[in-house]
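Here Swiss-Prot flags 29, 30, 31, 32, 86, 87, 88, 89, 90, 413, 479, 480, 481, 495 as ATP binding site. According to Swiss-Prot, the region 'Disordered' annotation covers 525-544. Taken from Swiss-Prot, the feature compositional bias 'Gly residues' covers 535-544.
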């Protein structure tokens, strides 16, 4: 395909036009009085969102060069989303402001490479300052504040996430599901839970609720298919003599073996239930080993030279209670703390080594299940459109609270960045010179941009508000919900330091790339052929 090549100022201006379009579409959502954006969907109802990265992903322009600008700034939003899970709109607004300021200097003849170096040094200084100003999150009140700000000033959601964090701890997983009612509910599971239920409904011990509940059961874990009942007979006899229930977790149980277990269960010979192993492939084996460590048992696998028919009672796991429904199993075990701690450390090391975000997520889930912490927020809404919007807001809120626990909190509402402007100017003037100094001052002029936009979305004069905030103490900022200047910590308007830091780093990185662009190569749009007369009108020889 033929290419179109654009140089110098023309290239940068075309990128800027694309960035302007995206930044404006995203910036309308910023702050407590930010509006929503409606996204048309090819299939189904339109989606109403208030989430920067979701809007950025939807924007595709006709002009290839402008579209390149959109793609670059979209990267700032999605990288911030990957790192901190929130702050995507802030990253977009910041990147836009740095690009705008920077392009003026490049057009006036400044050296773009030295400007970029100044921008990078300024970012390094600001990251350190954010770290110094961050306060650790100590109580659930602070967590609730972070959660409610990220969910669009919804105090109920903040409270719910704080409660979930309190129950499942730092390592725990808080997952989102679409609820069945209009209200949003929180469900907390004690113990390890996985999404596999009993193989046959005949295993249910409570016919009304269709649940199988076992107290003090033995647990047989194997990664093979159980085809012959003869393999199980020795274990079943030992368990029957011990007079305790047995739960079998295996890859699968074939009809013959399953029928025998069901008959024994119905006749009251043996209280037994069978469940398919969770996961698949290597992950299935790892999860079975997790369950074995949690219950103090052994995974019966031929890789380790262990056979089902030779299994002794000592190899079986023991749990305090196991609850099985048609689509989930919950194991509550205790007393194997040392082994579990060792396993948790091992999973943590794997998380540090892996590059894949998917693997990281799965390892985090395993970590949470071992630590005994899984909370499910069931999102409730009257319509599907509202449900999707709520789900995105809740996702941001959960990510923001986790980020706050990791690196602490700073004053929110764009306040921190605005207050750092004078600090950066003083530092840059005494440590940098020439065009590097200009690069750092570009960042200083761009820092109040998120605060200005929050004020403008609330119907105020952004530039005036930003100047007034800079004159006040570090913790004092502009509360756009009430149009007052308040102590942000006391008012509960806080941002996770990690979110502010990630937004700044990614914005500066992308802006630096745009400023140092000298040439763009894009596909040349193909001329549209005029369709021949009569085409598409339906041939006369066919009946339709």
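Every residue gets a Cβ built from N, Cα and C, even glycine.
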Once near-sequence residues are set aside, which residues in the chain of residue 479 (ATP binding site), 6 or more away, have Cβ atoms under 8 Å from its Cβ?
413, 485, 486, 488, 491, 493
Hey, what's the Cβ neighbour count for residue 29 (ATP binding site) at 10 Å?
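Its Cβ shell of radius 10 Å holds 22 other Cβ atoms.
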If the ATP binders are 29, 30, 31, 32, 86, 87, 88, 89, 90, 413, 479, 480, 481, 495 per the record, what's the largest distance between their Cα atoms, in Å?
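Those residues reach a largest Cα separation of 20 Å.
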Give the number of CB atoms, excluding that of residue 88 (ATP binding site) itself, located within 10 Å of its CB.
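So the Cβ neighbour count for residue 88 (ATP binding site) comes to 30.
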In sequence order, what residues of the same chain, 6+ apart, have a Cβ less than 8 Å from the Cβ of residue 90 (ATP binding site)?
30, 52, 80, 414, 450, 499, 500, 503, 507
With Cβ-Cβ distance below 8 Å and at least 6 positions apart along the chain, what are the contacts of residue 86 (ATP binding site)? List them in sequence order.
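Correct list: 80, 150, 396, 397, 399, 400, 403, 496, 499.
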Are there any residues in the same chain, six or more apart in sequence, whose C-beta is under 8 angstroms from the C-beta of residue 481 (ATP binding site), and if so which?
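For residue 481 (ATP binding site), the qualifying residues are 32, 33, 153, 458.
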Once the DSSP letters are reduced so that anything not helix or strand counts as coil, what is residue 479 (ATP binding site)?
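Looking at the DSSP assignment, residue 479 (ATP binding site) belongs to a strand.
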Just to be sure I understand the packing, how many Cβ atoms besides its own are within 10 Å of the Cβ of residue 31 (ATP binding site)?
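There are 24 such Cβ atoms around residue 31 (ATP binding site).
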